[in-house]
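Colleague: What follows is a single structure, and I will ask about it in a moment.
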Amino acid sequence: MTLASPEKVVLGSIAFGLFWILAVFPAVPFLPIGRTAGSLLGGMLMIIFRVITPSQAYAAIDLSVLGLLFGTMVVSIYLERANAFKYLGILFSWKSRGAKDLLCRICIFTAVTSALFTNDTCCVLLTEFILKVARENNIPAHPLLLALASSANVGSSATPIGNPQNLIIAIQSGISFGDFILGILPAMLVGIVVNALILLGMYWKILYMKKDEETTLEEVKCPDDAASHQFSPVHMSHRPSFEDNNPTSEFRSSPNQVSLYATAGEGNIRRSPCGGGDVESGRNLSGCSREGAAVDSFARKLEEKIALEGEHGLQEMANCIENGIPIEPAEKKETLIKKWRRKSWKACLYLVTLGMVVALLMGLNMSWTVLTAALVLMVLDFKDAGPCLDKVSYSLLVFFCGMFITVDGFNRTGIPSTLWTIMEPHARIDHAGGIAVLAIVILILSNIASNVPTVLLLGGRVAASAAAISPSQEKRAWLILAWVSTVAGNLSLLGSAANLIVCEQARRAKPVGFTLSFWTHLKFGFPSTLIVTAIGLLLIRS
């Protein structure tokens, strides 16, 4: 594709440049409108400047990617409601043997969860939990936060649903879910190990956990404040229960004496003023005795039974008295029913999620598979889905719409094609030098223009260049693009949304936040990204 007219090239570059500035620095002083509004502004300018027509702008929006992203978020929300991440957090901190062991667990645990639930979701849910663990065990927070952010990026590279750029690559390339995993999984596994070793090597001396008899990692259960709060034991006063003082002994010989409490059904029950006197007259004989309290408790249960079940419940209660069977309160039965319903719903939710993963591995359409799973979860919940749908990040979906339009408009200026024409002879993937040049280009662009726009700009061109060599090389080119653009996010704090989420969540954490600086991240991210990327490139196969 040749360059467009000078007017389109200049105006298209201005629109894309403004989009890039607001995407990387969403709070710039001259226009602090944020990333989402910035992407819409870039797309609108492409239309206003006539770089792209309105019909072309609509066509540029990839509904498959949006559907897959929406469905993944809905499934993650329902899994969060079912405490899936809480249970994973318990496993994550179970019988930890020190700060170094904890850091390794964070790397492994984060890599697995980010591959299944996207790296952004993983970082949102785990940042405050990790800060809590670090604070309660006197561990420096920044090595653990770096482990979270970097492992989320590396781990998410293994699946098409791990991050947004992989979603785009999987749909544009047509690579199946299973082939995608098989192609990148070896690189991801080795990358996680190498990344953890680099973290241990850099922070070995400061990774020391103070042993405390009262506070251990086993006590930290989940990122929820209420669930992770350490409650001290409280000795509560004993309340006489129906089992402790069962008044059925007084009535076993004559079940008809139930009529002392209910002569004509609901509303005729008479109790002693304090549970310890003459029931018939209501006179208090000898204070609130133990036996009187039991009788009063029995009368309350009888009231509940009659109110809920009428005469049938009264007869059932008489039979229980005759046979010496304890009478359970109505509330307890109701609680048990709710408890079993909740457990059944959780089991169904986990089965649906497992079925979704199996369907994806079988090669079914990814967008429709995930959307179907999300809809099934809404139906099984049997409640208004509004509260759960309100938690979906619609601003992210709108951001993608604006970004698709902006990037397509920039492609139509001819600038990316011209630059690729210059680079292509040196970036062919049939030899090691070409792979190295291609990786460097992707690394630089991913940290300048962010990884998703880089994939949109380079994906088709890199694939076409590799397809001229062989079909297997085309598939390998897509996998290399997925691997390098994802791991490139670890280079700097601005390299990926996951890094920014960890940084912002840590800063806002209560009661004491933590600031992860740009240079602290760069000091670790630069060597880690170069080493992990290079090792992964050797392991990616088509």
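Any Cβ shown, glycine's included, is placed from N, Cα and C.
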Colleague: Looking at the candidate ranges 389-407, 522-540, report the one that TrEMBL labels transmembrane segment.
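Modeller: My reading of TrEMBL: the transmembrane segment range is 522-540.
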Colleague: Within this structure, do the transmembrane segment (59-79) and the transmembrane segment (347-380) have 3 or more Cβ pairs under 8 angstroms, counting pairs 6 or more apart in sequence?
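Modeller: Yes, the transmembrane segment (347-380) and the transmembrane segment (59-79) are in contact.
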Colleague: Let me spell it out: take the transmembrane segment (478-502), skip the flanking residues so only those 6+ beyond its ends count, and list any with a Cβ under 8 Å from a Cβ in it.
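Modeller: Result: 24, 114, 119-120, 122-124, 127, 145, 148-150, 152-154, 156-157, 162-163, 165-166, 169, 172-173, 175, 180, 183-184, 187, 191, 195, 429, 435, 438-439, 442-443, 446-447, 450-451, 454-455, 458-459, 462-463, 516, 518, 521-522, 525-526, 528-529, 532-533, 536-537, 540, 542.
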